[in-house]
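Asker: Structure in structure tokens, see below.
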Amino acid sequence: MTPLCLNCSVLPGDLYPGGARNPMACNGSAARGHFDPEDLNLTDEALRLKYLGPQQTELFMPICATYLLIFVVGAVGNGLTCLVILRHKAMRTPTNYYLFSLAVSDLLVLLVGLPLELYEMWHNYPFLLGVGGCYFRTLLFEMVCLASVLNVTALSVERYVAVVHPLQARSMVTRAHVRRVLGAVWGLAMLCSLPNTSLHGIRQLHVPCRGPVPDSAVCMLVRPRALYNMVVQTTALLFFCLPMAIMSVLYLLIGLRLRRERLLLMQEAKGRGSAAARSRYTCRLQQHDRGRRQVTKMLFVLVVVFGICWAPFHADRVMWSVVSQWTDGLHLAFQHVHVISGIFFYLGSAANPVLYSLMSSRFRETFQEALCLGACCHRLRPRHSSHSLSRMTTGSTLCDVGSLGSWVHPLAGNDGPEAQQETDPS
């Protein structure tokens, strides 16, 4: 028996006896190919149970509790991310524009996709939203999947240009350029999600000489499965394996560049005259190096978490598309992969704000400010000017970024209208 693949937006076509009422005789060979003769005597409920399975997904309660926890953390975290970037001018950097776009994608998944999937797990059939709702559901999941990976890839390219090619970054890493890139990202994501969307539709169970079974409508694959297999495997290759390989190479090059620069700067510091001069120069270099290393480390961890969270999703879809003969062992393995892929799919949408809070002092500060409500909170928290958003501390009390802004943010203050922009979200 072929297992169901609900978060793949498909149901196996061989579970459905046909898309229209069979005009052949009730005991014809075509009818016997799909239904047992006993099916004519079964009630509608028994037919639905036989061919569609239980109406409520097994393990619904524990999965529901897990999803609700992810929903709360992700909705609050991504909402705060969007809020602080919109409210604080100092946070409207090219890098943070990508993070804003990623947060919007995650919010779409959590606020629209997750409740819809929870409802379907509670009530697997009938699908109540019609053909339009089926198209929307499939398009949403596919589009945010593609938009997320394109966002993270574009962000990695931006970080590579900023670190390895700083002169080109002055003209390329600007807010206007990022807005154009993000427009292209979402446009490409929607365009590339259309093939999978077009393969889906609404099907109902039909019994020969009896007609459609009430309340059996399901949003599922309605085109040849070979087309779906090709789309899924191509998507996994072009929108997961290839981007992960590109990002791995980019961050390797970034790491090598930062290491080489650090060694050169240390050698230059040793050539300074007095001990006091070497100390001051070393302090400035530490701040410059710390700022770039911190943001690069945060974005690298974001990419790693992204890969971990999305790998089960693609493994789930590819496994369903390549296996033609299902044994009990494969069926059991797929069920485990399917549950894990669903949890990690939504966990990936909730993890990013947690990473920002843990690894970025600037995001952590603005998150606390956004959550701090009331006069009492204002009295308790230290006063921060907008300039404090670009301050970082090190082990030395002699180092203060306030006087070294051009070192920590070499792209700031040189681009006319972009004079206030910074490339680091930390």
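From the backbone N, Cα and C atoms, a Cβ is placed for every residue, glycine too.
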Asker: Pick from CYS134, CYS145, CYS192, CYS283: which one does Swiss-Prot say forms the disulfide with CYS219?
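Answerer: According to the record, the bonded cysteine is CYS134.
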Asker: Regarding membrane topology, does Swiss-Prot annotate HIS123 and VAL337 with the same topological domain?
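Answerer: Topology check (Swiss-Prot): HIS123 vs VAL337, same domain name.
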Asker: From ASN41, ASN196, name the one Swiss-Prot lists as N-linked glycosylation site.
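Answerer: According to Swiss-Prot, the N-linked glycosylation site annotation belongs to ASN41.
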Asker: To which residue among ASN7, ASN151 does Swiss-Prot attach the annotation N-linked glycosylation site?
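Answerer: ASN7, according to Swiss-Prot.
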Asker: Which residue counts does DSSP give the topological domain 'Cytoplasmic' (162-181) for helix, strand and coil?
Answerer: 17 helix, 0 strand, 3 coil
Asker: Looking at 66-86, 98-118, 182-202, which one has the highest count of Cβ pairs under 8 angstroms to the transmembrane segment (339-359)?
Answerer: 66-86
Asker: Would you mind ranking the disulfide-bonded residues CYS134, CYS219 by how many other Cβ atoms sit within 10 Å of each Cβ and giving me the lowest?
Answerer: CYS134
Asker: Out of 98-118, 182-202, 295-315, which stretch touches the transmembrane segment (66-86) the most, going by CB pairs under 8 Å?
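Answerer: Comparing 98-118, 182-202, 295-315: 98-118 has the most Cβ pairs near the transmembrane segment (66-86).
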Asker: Would you kindly list the residues that approach the transmembrane segment (98-118) from elsewhere in its chain, counting only those six or more residues past its ends and only Cβ-Cβ distances under 8 Å?
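Answerer: For the transmembrane segment (98-118), the far contacts come to 6-7, 64, 67, 70-71, 74-75, 78-79, 81-82, 85-86, 137, 140-141, 144, 147-148, 151-152, 154-155, 158, 178, 182, 185-186, 342, 345-346, 348-350, 352-353, 356, 425.
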Asker: Do any residues of this chain, six or more beyond the ends of the topological domain 'Extracellular' (119-138), have a C-beta under 8 angstroms from a C-beta of it, and if so which?
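Answerer: Distant Cβ neighbours of the topological domain 'Extracellular' (119-138) are 6, 9, 48, 52-57, 60, 63-64, 113, 193, 196-197, 200-202, 215-219.
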Asker: Within 10 Å of the Cβ of ASN41 (N-linked glycosylation site), how many other Cβ atoms are there?
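Answerer: Excluding its own Cβ, the number within 10 Å is 8.
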